[in-house]
Amino acid sequence: MSSVDTEKPAPPPLETEAPPPPPPPPPPPPPPPPPPAGYSALDVVLRILLLGSAVASVVVMVTSVQTKLIAVAGVPVLVSNKAKFQNSPAFIYFVAALSVVGLYSIITTLASFIFISKPSCSTKTILHLAIWDVLMLGLAASATGTAGGVAYVGLKGNSHVGWNKVCNTYDKFCRHVGGSIAVALFASILLVLLVWLSLFTLYSRIRK
């Protein structure tokens, strides 16, 4: 009589499921929208005008030199005296400040041309430009106001403290100073427009 095999057959091996594939990487964020073409063109035009006005203002102030023969108390003869911008610290500050504004306008004009050729200008870059424009506006406005105050005293005098007006003697010098201050005021207005333009562009991007 044969023996019965009581051993149970081994169960078939369990099929292991393959691990699921890793999820696909998220798509890259879309590039920032380029500034409108009108913005870039207007920005370049304003910065070129700013450069021209800053340079013109400095040149007119530096060339404001006039020599006159004036009467000095206690001296029997007329004395030659030269009026120039170096005689006033306010005018020296004016020339230095507008020179900085002119140098800044050169740099930012070149940057604006680059933004036109590569319109993917980031919002951070426009924000930095707006901040620097505000700083240059403060510099130009303070220099214009300081020089304007001194020029007004030279034109009208101040009877309360005994300051005599000098523009009746140094007429050419005063015309140069007045023209330079007027051009600097125009440069300040251009900087205001540049700040508004940058802020409007930032607002348009944030709204989107």
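A Cβ is built for glycine as well, from the same backbone N, Cα and C atoms used for every other residue.
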Could you tell me whether Swiss-Prot assigns PRO21 and GLN66 to the same side of the membrane?
no
Using DSSP, how many residues in the topological domain 'Extracellular' (155-180) fall into helix, strand and coil?
12 helix, 2 strand, 12 coil
Same chain only, please: residues at least 6 beyond the ends of the transmembrane segment (42-62) with a C-beta under 8 Å from a C-beta of the stretch. Say none if there are none.
85, 91, 94-95, 98-99, 101-102, 105-106, 108-109, 112-113, 115-116, 140, 147, 176-177, 179-181, 183-184, 186-187, 190-191, 193-194, 197
